[in-house]
Structures are given as C-alpha cells and as structure tokens.
Amino acid sequence: MAKKPVKKDFRKSNIPVKTKEVSNTKKVLTYKPEMTVSDVAEGLGLANAVLIKKLMSLGMMASVNQVLDRETVELIAMDLGVELQDEVITDLTRYDEIEIVDDPKDLVKRSPIITIMGHVDHGKTTLLDAIRKSRVVAGEAGGITQHIGAYQVDWNGDKITFIDTPGHAAFTEMRIRGAKVTDIVILVVAADDGVKPQTIEALQHAQAAKVPIIVAVNKIDKPNANPDLVMSELSNHGLTPESWGGTTPYVMISGLKRTGIDELLDVILLVAEIEDLKANPKRLAKGTVIEASLDKGRGPVATLIVENGTLRVGDILVIGNTFGRVRTMNDDLKRRFTEAGPATPIEITGLDQVPQAGDIFMVFEDERMARQIAEQRAAKERETIAKQQKATSLETMFGAQDDGQKVLNLVLKGDVQGSIEALKGMLEKINVEGFHANIVRSGVGAISETDISLAAASNAIVIGFNVRPTAAVKSFAEQQGVEIRLYNIVYRITEDIEKALKGMLAPTFEEVVTGQAEVRQLFKISKVGTIAGCMVTDGVIKRESKVSVIRDGIVIYKGDLATLRRVKDDVKEVRQGFECGMSIVNFNDLKEGDIIEASIEREVEVV
C-alpha cells in the first residue's frame with residue numbers, strides 16, 4: 001500500500017512540501033477542490049460521456065461543467081478501483097486550503113466550540129444571556145462589557161467556547177468560505193411553539209456541516225409547553241431522542257428562569273468528550289474570523305477563534321487578503337492577553353484592513369512572505385470580481401431586455417462584517433416572480449458620501465444596519481434624491497425588500513429623529529450609574545423618547561431614557577441650545593463625544 005504524503009509545517013521556510021511517489025501498480029486520482037465532471041474524467045483518462053454514463057449508473061445526473069463534491073468523486077474512484085488522494089498544496093496563496101498533519105505526541109485536549117441555532121424568536125439570545133450569567137455567578141469579575149461575537153465560559157474545570165452569530169445564515173457563510181469552526185450545534189426549539197420552517201433550515205445546515213446536534217427545548221415554564229410534540233416533530237427529521245432509543249441528546253430548559261442550564265453545559269462537555277477534540281498548542285496559529293469591524297480609535301478590529309496552535313502578541317498573520325501584526329489581544333470582558341491557545345476566542349488589533357467573517361487566518365514567521373501572500377490574494381480577488389461584474393452587467397442588461405426582469409439595487413452598510421454577510425445571503429435569495437435584489441456595494445462603517453454617489457449612479461436604495469449617516473451625508477442624499485433606510489432588526493429588512501419587490505410596501509412604522517445631544521461630561525453616581533452631562537445640539541430630547549448612542553457614526557446601543565434633568569429638576573423635554581443631564585436604562589458605557597439621538601416611531605405611508 002502506498003504511503004500517504006508527508007506534510008510539514010513549511011511556513012517557517014521557503015522549502016516546498018515534498019511527497020513520496022505513489023506506486024504505479026495502482027491508478028491514482030488526485031482530488032482538488034471544485035473539480036468538475038470534465039476534470040475528473042481527465043484525471044481518470046476517460047471520455048466525458050463515459051464518466052457521465054457512470055454517474056447515471058450510480059443514480060446521479062450531471063453535466064460536463066458540474067462541480068462534484070469530494071464524496072461523489074470518492075464514490076466514483078471506489079467504483080472504478082482507483083485510489084483517491086488529496087492534492088498536496090504548495091501554493092502558499094492557498095494557505096486556507098492547507099491541512100498540516102500534527103505529530104500525535106503534540107496533540108492535547110481542547111475546548112469545544114459551540115454555535116446556537118434555531119427559529120428567530122425561540123430564545124437563542126435569552127439562552128446565551130443565561131449562559132453568560134453562569135460565569136459571572138461563578139466569580140468572574142467585570143461582567144459582560146462588550147460584544148465581540150464569541151466568548152468562553154468555565155464549567156466544572158473545563159472551558160466551553162460559544163459563537164454568538166447573527167444566525168444560521170452567517171453559519172452557512174462560514175462553511176462556504178471553508179471555515180469548519182463549529183464542533184457542536186445547539187438547536188433551540190420553543191416548547192410552546194414547536195418546530196418551525198426556520199428550525200428545519202437551521203437543522204439542515206447543521207446536518208450538512210456533519211457536526212453533533214444537542215436539542216435545547218426552551219420555554220418549558222410556559223403553561224402551554226409541549227416538549228413531547230417537539231421531540232416527535234424533530235424525530236421525523238432524524239433527531240430521535242436518546243430516551244426514545246435514538247442518539248440525539250435533548251435538554252429541557254428555561255433560558256428566562258435559568259432552568260436546565262447546568263444540565264445543558266454538562267451535556268455539552270459529555271458530547272465533546274465523545275468527539276475527542278484535540279489540537280497542537282505548539283504550532284503557529286490558524287483559525288477563523290468570527291466578526292470584524294472598523295473602530296475609529298483602534299483601526300480594523302477582528303474577533304478570531306484559534307482552532308489550532310497558539311496566537312501571540314507580535315505574531316505576523318494573513319487573514320483572507322489582509323496582512324497584519326497582532327498589536328493587542330483581549331476577550332469580551334476587556335481583559336488583555338499576550339497569547340491565546342486552541343479554541344480560544346480573542347479580539348485583535350493591528351490589521352491593515354477589515355477582514356470578512358469566515359476568513360481563515362494563519363500565522364507566518366516571514367513578514368515579507370506574509371505580505372506578498374496577502375497582496376497576491378487581493379490581486380486574484382480583484383481579478384475575479386472584475387470578471388464577475390463584467391459578466392453580471394452583461395447578463396443583467398440582456399436579461400432585462402429579454403424578459404423584462406426588474407432589479408432593486410441596494411447599497412448595504414453595517415456595523416460588523418458578520419451582519420453584512422448574513423444580510424447579503426438573505427437578500428440575494430429573494431426572488432418575487434422574477435423581481436430580485438442586487439447588492440451593488442456592501443461594507444462596514446458609517447454611511448458615506450461615496451455610498452450616496454454610488455447609489456445615485458446605480459439608482460439604488462441605501463440600507464443601514466446599526467449605522468447612521470451624518471447630517472452632511474443626509475443632506476447630500478436629499479440633494480441626490482437617494483433614499484436611506486435605517487434598521488436594527490435583520491428580518492425587518494428582508495420583509496421590507498420583499499414587500500417592495502411585490503409592490504406592496506404598506507404603511508409601516510418609521511423611526512423619526514426628534515433631536516440630538518452631545519455628551520460633554522460624565523458623572524459616576526453610586527446606585528444610579530453614569531449620568532451624562534449633555535448639550536442638545538439639534539431639535540428636542542423628550543423624556544419618553546427612544547434613544548440611540550452613536551459613536552464614530554455607528555449605533556452602539558438602543559434603549560430608553562432612565563432620567564432627563566435640567567439642573568436638579570426632572571423635565572419632560574429639553575430643546576436645542578440647552579444643557580441637561582440624562583442616564584440610559586441598562587447602559588453605563590458612555591464616553592465624552594458620544595451622540596445621543598432621540599427618536600419616536602410613527603406610522604407613515606411609504607410612496
């Protein structure tokens with residue numbers, strides 16, 4: 001039997017990976033990602049027609065240019081008595097496809113990485129909050145002070161890492177990009193609502209990723225809870241409970257009352273032990289981007305999960321098409337670290353650009369090599385995008401002439417890359433009787449005049465998710481006749497776009513800004529929290545208003561006013577040009593220079 005290729009960690013030198021020759025006594029097919037029927041036929045020395053006939057005999061219909069997954073190619077190879085070997089990659093610009101084999105002696109147990117999925121209102125956020133509280137109760141100082149997209153808890157001497165994604169759309173985006181970061185999926189289903197279409201969709205994504213699934217039956221405290229119905233419905237989709245003779249763990253919980261959370265964490269550790277998760281902390285780090293954003297004070301910021309190796313401050317790394325040197329590392333409790341081992345979520349600074357959620361990162365010892373790799377990858381992407389844009393523009397032009405298909409052009413801006421990727425995925429799937437949405441640009445950060453100019457040129461609507469335009473940008477948009485729509489709920493965007501495509505955008509609620517105030521001074525008062533001394537710079541701030549805290553053009557918090565005062569008196573409103581003091585319910589992380597924007601909701605007719 002032929003020996004497998006020997007793979008070494010060649011990032012420390014320019015020496016290419018060497019492989020031992022495979023014996024000629026057995027025919028070998030080298031598998032490469034994205035192989036078409038034609039590629040496989042050529043590798044096997046067969047005519048395309050012969051291979052297509054072979055696929056038909058195996059129950060598969062395929063065209064010459066159809067891409068085959070690895071399992072299908074493996075099935076063909078087995079049927080023909082051919083040995084299948086994976087391509088040994090020596091092109092470092094494809095570092096994200098490289099799989100380095102570790103010495104078994106260097107492997108140690110690592111923490112499991114968990115993604116929570118399920119229907120939009122079945123309690124995923126409540127469950128995440130309940131799990132977060134478990135570590136605060138356990139004695140961790142500081143509480144949860146910032147959202148970085150991932151966090152880690154200690155439970156019975158072990159650590160568990162949780163990914164807090166915008167949902168299964170982002171989960172799928174990561175899989176498409178090649179990231180296999182999740183070890184276990186927790187599928188949350190409400191006991192009082194049962195299995196919904198989105199539940200099934202989340203389940204199918206998890207099954208496609210081939211990761212273990214734990215079902216958390218939530219809201220069991222509700223009087224109309226029916227967990228048996230949930231188990232029965234999910235059994236029809238391959239998730240038979242262990243108590244019914246199946247293999248799927250079910251845990252009854254109430255995220256709101258924290259019932260069953262301890263048992264759920266115990267089950268996670270049990271499944272992780274069965275999976276025998278291991279990593280090599282001695283090697284150079286490799287992992288995945290969970291979230292990324294642009295911070296005005298710190299520059300590009302990315303939340304990473306180290307999947308293998310150890311990441312250290314000062315390390316040189318390539319993320320997608322981005323190069324950088326790790327300047328700082330901290331977790332969601334704002335604690336500083338100098339290194340992070342396998343399965344650790346960490347937020348880093350020091351990158352030259354904002355990467356994308358799902359990008360793979362890898363550490364290199366040679367700075368010049370790392371920079372060249374990033375530049376070459378960026379050049380390849382620009383070339384690919386240029387070809388796609390050219391093809392798309394031609395297809396759109398001829399398609400519109402042929403069948404009258406209508407397109408709604410959109411410019412998307414958001415606060416974090418993960419949200420943008422999830423939104424793009426959902427919007428691009430919308431098709432209403434030949435009408436569809438076309439994303440002409442998407443990016444992280446505040447809405448800019450450049451975005452407005454592009455929208456004007458392409459007759460597009462600007463969609464802002466958790467971001468705000470400045471007064472100057474608003475004025476420019478009005479001059480250009482560009483509509484800006486602002487949202488903080490993902491599903492409201494998709495609903496509105498679908499309605500717009502149907503020509504049925506009925507009267508809806510619109511957020512109307514009534515005034516803005518600038519934070520000039522902060523006062524910490526025990527038992528009260530942070531009081532912001534403000535100057536109302538525009539309009540009027542009313543006591544009953546909803547407020548948004550805006551920092552560097554990005555909405556970092558939305559909530560209600562707790563107090564509104566002039567000198568020592570509680571007041572109903574404060575107008576432009578007057579000073580006031582205000583505090584916000586459940587939010588104390590204000591900074592001088594923040595903008596507090598007051599708004600009301602009113603029902604309007606959208607024309």
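Start at 1 and count along the chain as shown; that gives each residue its number.
Backbone N, Cα and C define each Cβ position, glycine as well.
Now, the feature entries from TrEMBL:
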BINDING   118-125, 164-168, 218-221  GTP binding site
DOMAIN    109-278  domain 'Tr-type G'
REGION    112-260  region 'G-domain'
Exercise for the section: Would you count the other C-beta atoms found within 10 angstroms of the C-beta of Ile220 (GTP binding site) for me? Expected result: 19
Practice task
Among the binding-site residues Gly118, Lys124, point out the residue whose Cβ has the most other Cβ atoms within 10 Å, with all shown protein chains included in the count.
Solution key: Gly118
Problem - C-beta crowding around Asp121 (GTP binding site), within 10 angstroms - result: 13
